[in-house]
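Engineer: Structure below; questions to follow.
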Amino acid sequence: MPELPEVEVTRRSFAGAIEGATVRGITVGKPLRWPLGTEPAVLVGRRVCGVRRRGKYLLLDLDEGLLLIHLGMSGSLRFARDLPARGAHDHFELITDQGTLRLHDPRRFGAVVWAAGESDPRARKLLDGWGLEPLGEDFAFETFHAGLRAKRTPIKQLLLAGTVVVGVGNIYACEVLFLAGIRPTTRACAIGPQRARRLHGAIREVLARAVERGGSTLRDFSSADGSAGHFQLEANVYGRAGLPCRQCGTPVRLLRQGQRSTYFCPHCQRA
């Protein structure tokens, strides 16, 4: 599933090119996770004012309303003036005078939803309840630590839930906890101020590095210009079960938490 770094990389790869574009048409294929929420003709003539990100959602601001885009489990966006003919898994196109934005989504768990604004119930249903933006200025340590202290959930699962900090997916949660030296099964409320500060810094560091490396391409992720990500090539623990820890040589272990694979070093992450 594309996580925060992949969504941010996608945003950066087409935001400048589509800004100021006028919508000329909409193509809707097979149904996605949620309906568009308006007739496609309503969007024709609208101007694209910018592209933002909130967690794993892209917000395409129009001069009237906005489009919320989620890539689902296997989705990716492409933006270009001359895209090849639509394929069987291309389910949405925003055709503009500056190029076409196309959603490719084989499993159809993604979505494109129109809302009149961020206060629209359709937008609030998708955006409300998420935690702090880890790459934003409001990612304050005090607020983050207070969120940890209030939860008895194992820290790995709390990171994935997105209610304290948003967008830390499975790969990045494993890498963040390794960098912070915290075992994934440790209860969030048991993490004291010193370790919480290390965790806070590790979240910023890992996600920023992942964006810099173009995200992670495990199966089919690519950005809107077709580029693959490379962060997975330098992972310390993710996908390395049984291999020696890059830091101490102890074999990396694998366990299951909430139906997700968790990788950690039992020596470097003792508690």
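Backbone N, Cα and C define each Cβ position, glycine as well.
Pulled the feature table from Swiss-Prot, pasting it below:
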ACT_SITE  Pro2  active site, schiff-base intermediate with DNA
ACT_SITE  Glu3  active site, proton donor
ACT_SITE  Lys56  active site, proton donor
ACT_SITE  Arg260  active site, proton donor
BINDING   His89, Arg107, Lys151  DNA binding site
ZN_FING   236-270  zinc finger
Engineer: Please list residues from the chain of Lys56 (active site, proton donor) whose Cβ is under 8 angstroms from its Cβ, counting only those at least six apart in sequence.
Structural biologist: Pro2, Glu3, Leu4, Val7, His70, Leu71, Val166, Gly167
Engineer: Using DSSP reduced to three states, classify Arg260 (active site, proton donor) as helix, strand or coil.
Structural biologist: strand
Engineer: Over all shown protein chains, what is the count of other CB atoms within 10 A of the CB belonging to Arg107 (DNA binding site)?
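Structural biologist: Around Arg107 (DNA binding site), other Cβ atoms within 10 Å: 12.
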Engineer: Under a three-state reduction of DSSP output, how is Pro2 (active site, schiff-base intermediate with DNA) classified: helix, strand, or coil?
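Structural biologist: The three-state answer is coil.
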Engineer: Calculate the distance in Å between the alpha carbons (Cα) of His89 (DNA binding site) and Arg260 (active site, proton donor), and round it to a whole number.
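Structural biologist: Their Cα atoms are separated by 26 Å.
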Engineer: In whole Å, how far does the CA atom of Lys151 (DNA binding site) lie from that of Arg260 (active site, proton donor)?
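Structural biologist: The Cα atom of Lys151 (DNA binding site) is 20 Å away from the Cα atom of Arg260 (active site, proton donor).
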Engineer: Which residues in the same chain, at least 6 apart in sequence, have a Cβ under 8 Å from the Cβ of Arg260 (active site, proton donor)?
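Structural biologist: Long-range Cβ contacts: Leu160, Asn170.
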Engineer: Where does the mean pLDDT land for the zinc finger (236-270)?
Structural biologist: 96
